[in-house]
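Structure, as structure tokens:
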Amino acid sequence: MSQLNLNTIEEESLRKTFFVQVLLPVPIPKTFTYRVPQKYEEHIQVGIRAIVPFGKKKIITGVISAIHQDAPNDYEAKYLLELLDEYPVVSRQQFQLFEWMSQYYMATEGEVLNVGLPSGLKLSSESKIQLNPAFQLEQSPYIFSQIEEVVINLLKKEGLLSYEQFAEITNTKQTSVLIKDLLKKQVIMLIEQVQERYKPKTEKRLRLQKDWLDKAQLNNLMQQLDKKPKQLDVLLKYLQVVPVFNDSSKNEIGVAKSIFKEEQFSTSSINTLIKNKIFEEYEVITSRLDYLNRQENLDHEITLSPAQEACRDEINTIFAEKDVALLHGITGSGKTEIYLSLIREVIESGSQALFLLPEIAITTQMIQRVRKIFGDQVGIYHSKFSDAERVEVWQGVAEGTINFVIGVRSSILLPFNNLSLIVVDEEHESSYKQYDPAPRYNARDTAVVLANIHKAKLILGSATPSYESYYNAKTGKYGLSVLTERYGEGTMPEIEVIDMRRQKAKKLVKDDYSHSLLAALESEMNKGNQAIIFQNRRGYAPYLQCETCGWISECENCSVSLTYHMHQHELKCHYCGYRQKSPSACLSCESTALVMKGFGTEKIEDDLKLHFPDVKIQRMDRDTTRKKYSYQQIIESFESGETQILIGTQMVTKGLDFENVSLVGIVDADRMMYYPDFRAHERAFQMMLQVSGRAGRSHKKGKVWIQSFQENHPLFNYLLKYDYEGFYELQLQERHSFFYPPFCRLIKIVLKGAQADSVRNGARLLYESLIGKLSSQRVLAPHEPMIAKIRNIYHMEIWIKLEKGYPLESTKSQIKASVNKLQENSQFRKLRVVFDVDPQ
Ligand code: ADP
Ligand code: ZN
Ligand code: ZN
């Protein structure tokens, strides 16, 4: 301080220099320092976006994360170019969350920002907008020499995007107009491009001028128009949509001009009506969100059953002591109404609430239900929504007009500033975990931290909780509330396991279906009931095999078999998308004895269509739900009863609620149980219980048929009794003896590269370095994952198992240090190394 006082001029100049840290959506583990042009000093705020130069050729948008006066000491900071917001788009709490996520999941904050910000709010370095030639000035003496001195000084002193000043000072000069123009145009274009996506959508409407709003006048008007039938038509149409005769206040709503155009009313008549001051044309801001433009009749009523009410009170009691409550309620127990009733309390008190659902479950049913209760305060955040729609939700949350968000995992990254309650429904779902790109976060676990940052409460709900959450509840870390009865008249369906070995021996199996399953299906169809058939494999047949030489159709790029898709007569790789025409003879020995092995949803669809030619059958899997509304259409058709049999992958296990389903068939239970993963049994049990839960949800009694060649497996003993807890206890012992979660923490390191050798050797070296630091008990030897090659890239994995309480942060630093060391070796520089904390 005393030094500053020595020289007022120096003090003055120092005082004026502001710097900002800008967080950029790039995978570099730091923020960048930029200088603030003087004219922006009073506008800078933490959380607003800035356009900045990045590298020599690019400009990108980032978010200001700090403001200070310390010039970087190892380089000269460039000027930021432009500010994009008047108000923060990233909240203080979000920065905290970003920081935690980047730390915990071993990603950079830029990577977190990148998945968090909808692309409508950012221009990534990928857009490769070149600031040509201005940013290359110093590198390009030729261009440099062409620019006036004044311009050069300005560029050096003021930063590039004082472009208005830039224009002002240089307007009179004739030289390098071209260069200036180029520069100006590019920056302006960029800003417009960014702001365009951010602009509200408007709609032109028509309404009657006030003078005509009384009945006598209106009658008068109609008589006047009697000789101008086209104009009269327009007026009549207007009165049909807006009955101002009955209620003149309705005139305020007006009618969208586009409606008249769509219905081919005469445009010139409309314009005459406007010109003659009969109609008034005006503009309103509308939402990009379809559901917000639809009127719902509000109905705040939520009536809970006594059991639901008790459960809600219990959760409130838990919240007096704990921040997290696990709601273990069987399928159909009515968990949703309990959430909604708790959420309503929060919204009414003026705070925000977040309701997370696994990807697929956001249906029209759900949207209508919450819109009825909460009206326009609801924002829906989903990957199938457009960018502009997502930006609108983002803005609404930041500004506080949206207080209730219902969304998928990325909605935990929205700019809440006043969050009081988070609900994670179906918390066991693995779709809460992001695989690629980094950050590989689990939204359920991140929700715990988000709740903590906001001092909010969290409910985790499931009929089949994850072992991690159940363990936390059993050991008292979370509160536990249990619902053991279905809402209303529903009862849990009876489950029967079909012993496929015996059935096959007795020749009671046709294709892949036992006679009992087919007979039961037939009988339910005759009664007019509906059925769900579950098989966790899409396509027709998982592979094609030659019976003569044993050859199997494999992908050229990946170490997996190609799936046969009958409808396109193609073999497809589900990992890289590779496809080829299905061969008619073996590619190895040319024998024509090719047989399809195993079966997927597509084959089941074909088979059942043969068995039940008069029944409408639909299939729901990744292949049939690629379009925005296709999922919804399938659901609606099943809901209306038009479709009688719905066949599907795990998509049909989640949260669907249909009254008329009396039969659920699980065609191949073994496939799920024998997957090489320590969670396979947990998953299989969850999936079978969840899909069983789709039957018998109303007064109709349901039944579940499970086909297995391993009917003595202990899993079934528990499943038949719906004994979630018993099976959990059994599994927990196994997890304990083999030291798996919830008893340890896992970090998975994946090395990827185009050369199998270098991947293998790199993994070996990394392993040796890691056991030196963490001991050989904690680091498992490198191994090939089940699919060791994808898109011609070889994979090797190293798993790290840490006992609870083992210092995590220092371990992560050690891991990163070992990886950096490995990559210093030129042989391994090209390896990609991926960290996955708490892999699923
Ligand atoms: P869960 O999510 O626990 O499997 P749901 O929330 O889907 O169960 O509820 C099952 C069915 O019962 C749904 O059709 C739902 O609309 C209905 N239901 C649940 N609670 C109520 C309630 N309090 N009032 C009216 N209907 C309810
Ligand atoms: Zn062959
Ligand atoms: Zn492939």
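In case you wondered, yes, glycine gets a Cβ from its N, Cα and C as well.
Taken from TrEMBL, the feature Zn(2+) 1 binding site applies to C546, C549, C586, C589. A simple way to gauge crowding: the CB of C589 (Zn(2+) 1 binding site) has 12 other CB atoms within 10 angstroms, across all the protein chains here.
Counting every protein chain shown, 21 other Cβ atoms lie within 10 Å of the Cβ of C573 (Zn(2+) 2 binding site). Annotated Zn(2+) 2 binding site per TrEMBL: C555, C558, C573, C576, in sequence order.
Look at TrEMBL and you will find 316-483 tagged as domain 'Helicase ATP-binding'.
Look at TrEMBL and you will find 570-738 tagged as domain 'Helicase C-terminal'.
According to its DSSP assignment, C589 (Zn(2+) 1 binding site) is coil. If you take the C-beta of C555 (Zn(2+) 2 binding site) and look for same-chain residues 6 or more apart in sequence within under 8 angstroms, you find S561, L562, C573, Y575, C576, Y578.
On the backbone, the CA of C589 (Zn(2+) 1 binding site) and the CA of C558 (Zn(2+) 2 binding site) stand 22 Å apart. Among the binding-site residues C549, C576, C586, C589, the residues whose Cβ sits under 6 Å from any atom of ligand 2 are C549, C586, C589. Note on the binding-site residues C558, C576: the fewest other CB atoms within 10 A surround the CB of C576. Checking the binding-site residues C546, C549, C576, C586, C589 against ligand 3, the ones with a C-beta less than 6 Å from an atom of that molecule are C576. Taking the Cβ of C586 (Zn(2+) 1 binding site) as centre and 10 Å as the limit, one finds 20 other Cβ atoms among all the protein chains shown. Counting other C-beta atoms within 10 Å of each candidate's C-beta, the binding-site residues C546, C549 are led by C546. C558 (Zn(2+) 2 binding site) and C549 (Zn(2+) 1 binding site) are 22 Å apart (CA-CA, integer value). Rounded to a whole number, the C-alpha distance linking C586 (Zn(2+) 1 binding site) with C558 (Zn(2+) 2 binding site) is 20 angstrom.
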